[in-house]
Amino acid sequence: MTAKFVVRGGNRLSGTVTIGGAKNSALPIVTAAALAAEGESILENVPDNSDIQHLCEILRALGCRVERVAETTLRIQARELEHHVAPYHLARRLRGSTYVMGLLLARLGKGEVACPGGCEIGARPVDFHLKGFRALGAEVVVEHGAMVSRRVDLRGGRFYVDRASVGTTVNMIITASLAPGVTVLENAACEPEIVDLANFINAMGGRVRGAGTNTVRIEGVDRLRGARHEIIPDRIEAGTYMMMTAAAGGDVVVENVIPEHLGTVIAKLVEAGQEVEEHGDCIRVRARPIRAVDVETQVYPGFPTDLQSPWVALMGLADGISVVHETIFENRFGFTNELIRMGAKIKVDRNTGIIRGVKRYTGAPVEARDIRGGAALVTAALAAEGVTEVSGVQYIDRGYTRMEEKLAALGADIRRVPNGSEQ
């Protein structure tokens with residue numbers, strides 16, 4: 001049954017929130033665990049959000065054994081991976097389904113995977129991935145909404161990653177890990193999640209060098225074996241709770257983080273007038289009056305596109321006018337129509353939002369249509385006067401584990417209720 005959040009705004013947040021494992025690391029790493037034809041992998045700090053659940057279902061359907069042996073621990077054994085067609089009804093629900101294609105090409109030399117579904121934030125074309133597969137000797141075409149392999153003769157190659165795409169970089173590392181010869185990726189993404197993936201593959205016996213730089217070198221090996229690995233903390237989840245604290249007001253410690261992964265976000269929050277302190281693996285945010293600050297999303301280490309939406313919600317309460325320019329995805333301002341229902345003053349011109357701050361938001365029924373836009377609506381709801389009902393919670397669940405429980409523990413008045421129920 002679909003659900004909604006009912007949020008009564010106005011409560012200040014206080015306490016400590018623990019950040020889970022990075023979804024954007026877990027998706028490729030859980031997929032890469034199935035590259036191992038020997039042994040089993042134990043993955044720790046794995047978030048239990050719906051995207052990870054869907055991926056585990058896909059791997060089971062392909063013949064892998066996947067068990068959640070503890071709240072944040074997965075055991076994966078892929079010796080019996082033998083099916084090359086990912087079930088359509090599962091793959092279409094997952095943006096990371098393209099990684100499964102790379103896995104199948106590497107392990108089985110053939111594959112058929114539905115083109116990715118997920119959030120309504122514009123096109124995420126598979127063309128970059130298809131070009132990468134072609135550079136490694138695999139001809140993959142799109143037919144009837146699915147990626148289908150035709151001729152596959154995997155071998156190392158040199159490939160330029162358009163727009164420093166994170167997804168394409170991930171997929172090329174996965175595919176090239178078992179491809180004979182050496183693969184060189186130029187203009188590769190540098191995100192911490194790329195480094196995390198490379199560390200795991202190397203622990204399995206792979207040979208990935210240069211992760212975290214623009215040039216990544218992968219020397220293919222004959223076989224990989226299972227390994228133990230702890231996934232890095234989710235910098236996007238951490239940044240979201242930091243912005244929620246600034247918007248709602250309060251004093252919150254965000255724990256289990258790597259502060260250097262959030263350098264740009266911390267700098268922008270400080271520029272916006274917030275008090276931010278780093279203590280080991282914790283970041284403390286004390287809310288202060290919000291100043292308007294311009295932001296342009298960029299690849300890492302720039303301001304993350306996945307935090308653009310919560311930032312817009314925060315800037316909607318700032319003193320002054322701010323400009324937010326989105327350079328990674330088109331159509332990522334769709335959520336602003338819902339913020340406007342809550343009293344925000346935002347004008348969008350293609351990939352730029354101009355935000356004139358207001359003193360407060362007012363509660364209203366709103367609908368989330370993507371993960372981060374949903375987080376932005378909750379951010380606004382926490383700071384709003386009155387009650388806000390946020391439907392489309394299934395999108396939020398794709399990227400955040402038990403958000404309502406974590407916020408309630410900080411003092412927020414937030415409940416998850418079935419859609420259609422009377423309040």
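Note: Cβ is positioned from N, Cα and C throughout, glycine not excepted.
Per Swiss-Prot, UDP-N-acetyl-alpha-D-glucosamine is bound by Arg95, Ile328; the candidate from Asp127, Asp306, Asp349 named for the same site is Asp306. Each of the binding-site residues Lys23, Arg95 was scored by other CB atoms within 10 A of its CB, and the lowest score goes to Arg95. Spread of the UDP-N-acetyl-alpha-D-glucosamine binding residues is 16 Å (greatest Cα-Cα distance among Arg95, Asp306, Ile328).
In this structure, Ile328 (UDP-N-acetyl-alpha-D-glucosamine binding site) belongs to neither helix nor strand by DSSP; it is coil. If you take the C-beta of Ile328 (UDP-N-acetyl-alpha-D-glucosamine binding site) and look for same-chain residues 6 or more apart in sequence within under 8 angstroms, you find Arg163, Thr297, Gln298, Val299, Thr305. Neighbour density at the Cβ, taken as the number of other Cβ atoms within 10 Å, is lowest among the binding-site residues Asn24, Asp306 for Asp306. Here Asp306 (UDP-N-acetyl-alpha-D-glucosamine binding site) is positioned 12 angstrom away from Lys23 (phosphoenolpyruvate binding site), judged by their C-alpha atoms.
The secondary structure of Arg95 (UDP-N-acetyl-alpha-D-glucosamine binding site), as reduced to three states from DSSP, is coil rather than helix or strand.
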